[in-house]
Amino acid sequence: MEAPALEQRQSLHDSSERQQRFTSLILPNGVGCSSREEPQGSGGLLVPHNDNDIDNDLASTRTASPTTTDFSSSSSDDNSTTLETSVNYSHSSNTNTNTSCPPSPITSSSLKPAYPLPPPSTRLTTILPTDLKTPDHLIRDPRLIRLTGSHPFNVEPPLTALFEHGFLTPQNLHYVRNHGPIPSSVATPPATINKEEDDSLLNWEFTVEGLVEHPLKISVRELMDASKWDNVTYPVTLVCAGNRRKEQNVLRKSKGFSWGAGGLSTALWTGVGLSEILARAKPLTKKGGGARYVCFEGADQLPNGTYGTSVKLAWAMDPNKGIMVAHKMNGENLHPDHGRPVRVVVPGQIGGRSVKWLKRIVVTKGPSENWYHVFDNRVLPTTVGPEESGEKTEEMERVWRDERYAIYDLNVNSVICEPGHGEVVSLRGDEGAGTYRLRGYAYAGGGRRVTRLEVTLDQGKSWRLAGIEYPEDRYREAQDGEELFGGRLDVSWRESCFCWCFWDLEIPLSELRKAKDVCIRAMDESLALQPKEMYWSVLGMMNNPWFRVVIHHEGDTLRFEHPTQPMLTSDGWMDRVKKEGGNLANGFWGEKVPGAEENVVKEEPVKEISMVDEKVTRLITLEELRQHDGEEEPWFVVNGQVYNGTPFLEGHPGGAASITGAAGQDVTDEFLAIHSENAKAMMPTYHIGTLTPSAPAALKSSSTSDPALSDPSRPIFLQSKTWNSAILTFKESVSPDTKIFHFALSHPAQSIGLPVGQHLMMRLPDPAKPTESIIRAYTPISDGTLERGTLRVLVKIYYASPTEDIKGGQMTQALDALALGKAVEFKGPVGKFVYQGRGVCSVNGRERKVKRFVMVCGGSGVTPIYQVAEAVAVDDQDGTECLVLDGNRVEGDILMKSELDELVERAKPMGRCRVKYTLSRPGAEWEGLRGRLDKTMLEREVGEGDLRGETMVLLCGPEGMQNMVREVLKGMGWKDEDVLVF
């Protein structure tokens, strides 16, 4: 049977029917103001309304009284957040001085504007409790959906709220993509800025440099000066490249976090066109200059350096592309989350190109070498999986750097917003004879217009056209010279489309009740069409298959189910189908295909590693266990099973103390928390029996049998077999992702009791599982033998990095979130190395004498290295030579640099200590070594193995670095006993 032809329907954009359905709510000049005669409105919207709702909507917007909405669960909650809705715009120089009403943001002699103005900004007065635990401490809207936990701040608005606000999104509901903390210099919430801080932000400068004839340095104050720069205003829809990624993650986990369909927002941006700025700088495109790209760099300090990216110079110089350096958003100064005080806005391209907190614009011959440009915002071939993408091979490096895979222009995309997820429509009586109006949004990239939106109720056998409304076109009708928010409205001459559009289609309920689902697809003016099938890629970006909403027929109602919901919730038809065994990649959304062989997808069971020897049947009493609680033959218990650690005293990476300290104890929590799967697989070798049924409880009750060990007045804090508490008193930030945590010991005269070169164990309750603990080993930066009353621990905080599929450090994030005044438990010392001073050290209890230490470290691995180097440097009688090789990616990653440099100065008279820093991604001004700690560098700086055994290599850093260094040193003739890994 021939499929019905596409329903031919006049575009409602120009029809009278459309004008009845869509109402433009225009911002009022204010209650009682006579200078303009617009109706009182709440702004923002060319929003589709039901015909019978128009009068109610207009009536409801005629009030200018502030409203307060309490989003707390109880009115008595001290942590509740109050939101005040009010009109608060920045104005042009002819601002109305009548303070009884808001002045108009529009400057012209024309009548009232026919284009949308922003909704009233929402004033939030309280920092949310979750943000008090992060480095940002910013006031944020509690309605925003957090996609990566509390930090970093990556959020999207609820789809319903986003759509209901219409064409323009309030600043407080605009989606946010932050890779790390907000730069501290701009993190003060705008509502609390004092004059001094405001001036400092107006004095914020960014540079234009590189391959230009006239380098520039421009302050925000200068940028806003109409006598110096042509400020313009126009609307732009920003879209995260990960919008709709959750759908890809359900099919197959990508390396990115789960955006829903709300990863986009639209605002009126005010600033100066990048083409004008570059025209003054004059890029050197000829005479051997070769300028082809424009790189942007922000002020945020991240694990991989500052955030930066690039676009092609030809685009940046094209006024029609509309790339802007913006300082206002919806008439307001930028919020810190949106780039305060100045940012780049790149219309039609993914949001990742619009760099926030702008500090540098650099004209170059090639694309940006910034880590975030190379290893983010790419659609790699679908054959590249998560494991392969992380391989450190030349081939994989080449794939990542292939500019063909970089994402610039957005692709065409569309979403069904109404019906919403979980919405129920009644079919009872007269209601069932009516219609339902499907509504949603669509967008395209590169300035291209969405030219059609098609809807199918039969899974693509037939299609019908929806009407499309383009609110952006209303700005093209503005009169020449009209200003908005201090910038010339710069839209009328453009052919490009920078914004989303709205579509709608009336469907008889009688047809919906026969359908299994509703699918939509959009096409842009280049005839690019949304595909039916998903193109999965390892970063999960640019997902744009047909948007499908399932219809559930439940008696006399219809219930609608969207594909997914943002975050980690398993809500939506995709998760449901997957759990039912459906194959989401079968081309039919996981449904069973008539005539096709059923292919049930089963989840792989989690493989548990056995830690017992099944042949061992011996029962061990508590008395027997206690006979082995010393150093001679240490036994310990894990999960009720008894293990003999004696054979592994020599080989344990943490030294014999790690085992003898556990002797006679149940160390289940500690063992499972810190040991790898490989370590667990080794355990059957040391398994000797099972505790008798009554022994575990008795062992637990006797764990604190010696009161002297926990006596707070004892002179030494650390105990090898007992956990003792210290109070967190202060967190000292030393870099964006590193802090020194200060703890108060039991009394001011108490020493830590940690020999040089040893570590301690730290234990915290797991916030996600209160009945479980997190345990990790750390090396304090305190002097473990001399310092009294306090304990200082330097910790690099591994924040969640969704782009790289990293959940973040369990311990470090929990420690960072811990409130001051809370207790943390410690135990120790542990470790196989002790430096006794003046060249004497011991390894696993065996003493040896050295004349030279070569210490290789990276990142927070510097802490045990610093301990040893300090012990050498502060003792004028210690003639041991020290060479420290500290390798990092960027200069901001170097920890304790000033302390290490001070040690060098202190030991300078005898020239005993040298420190060399090397960076794999150095900045232009870096004067130290460049490159990785590789074979070439180790051969040059360390040399061949010392056959006399008078030199030791001490090594601490990331596992990959440690393995590489050990392998290289082995090839250079270094013996295993001369290379020690902390």
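For all residues, glycine too, the Cβ spot is worked out from N, Cα and C.
Here Swiss-Prot flags 1-128 as region 'Disordered'. Here Swiss-Prot flags 10-20 as compositional bias 'Basic and acidic residues'. Annotation comment: Swiss-Prot describes Cys240 as Mo-molybdopterin binding site, evidence class similarity to another entry. Annotation source Swiss-Prot lists domain 'Cytochrome b5 heme-binding' at 617-692. Sequence annotations record features per position, and here Swiss-Prot assigns heme binding site to His652, His675. Summarising the annotation, Swiss-Prot assigns domain 'FAD-binding FR-type' to 721-836. Positions annotated as FAD binding site by Swiss-Prot, on the basis of similarity to another entry: Arg776, Ala777, Tyr778, Thr779, Leu794, Val795, Lys796, Ile797, Tyr798, Gln810, Met811, Thr812, Ser860, Thr863. As annotated by Swiss-Prot, NADP(+) binding site applies to Met952, Val953, Leu954, Leu955, Cys956, Gly957, Pro958, Glu959, Gly960, Met961, with the evidence given as similarity to another entry.
Projection of Swiss-Prot feature records onto the structure.
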residue	record	DSSP class
Cys240	Mo-molybdopterin binding site	coil
Arg776	FAD binding site	strand
Leu794	FAD binding site	strand
Met811	FAD binding site	helix
Ser860	FAD binding site	helix
Leu954	NADP(+) binding site	strand
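Checking the binding-site residues (Cys240, Met952, Leu954, Pro958, Gly960) against Ser860 (FAD binding site) with a 10 Å Cα-Cα cut-off leaves Pro958.
Here the CA atom of the residue listed as 'Mo-molybdopterin binding site' lies 32 Å from the CA atom of Gly960 (NADP(+) binding site). Rounded to a whole value, the Cα-Cα separation of the residue listed as 'Mo-molybdopterin binding site' and Tyr798 (FAD binding site) is 24 Å. Comparing Cβ neighbour counts within 10 Å across the binding-site residues Tyr778, Tyr798, the minimum falls on Tyr798.
For the binding-site residues Met811, Met952, Cys956, the ranking by surrounding Cβ atoms (within 10 Å, all protein chains) places Met952 first. Taken together, the residues of the domain 'Cytochrome b5 heme-binding' (617-692) have an average pLDDT of 81.
If you take the Cα of Pro958 (NADP(+) binding site) and the Cα of Tyr798 (FAD binding site), they are about 13 angstrom apart, rounded to a whole number. Geometry remark: Tyr778 (FAD binding site) versus Cys956 (NADP(+) binding site), CA distance 12 Å. Highest Cβ count within 10 Å among the binding-site residues Pro958, Gly960: Pro958. Using a 10 Å radius centred on the Cβ of Ser860 (FAD binding site) and all shown protein chains, the other Cβ atoms total 23. In this structure the residues listed as binding FAD are Arg776, Ala777, Tyr778, Thr779, Leu794, Val795, Lys796, Ile797, Tyr798, Gln810, Met811, Thr812, Ser860, Thr863; their two most distant Cα atoms lie 20 Å apart.
Under the DSSP three-state reduction, Gly960 (NADP(+) binding site) is assigned to helix.
The Cβ of Lys796 (FAD binding site) lies under 8 Å from the Cβ of Asp737, Thr738, Thr812, Gly859, Ser860, Leu895, each on the same chain and at least six residues away in sequence. Cβ neighbour count for Leu794 (FAD binding site): 22 (other Cβ atoms within 10 Å of its Cβ, all protein chains included).
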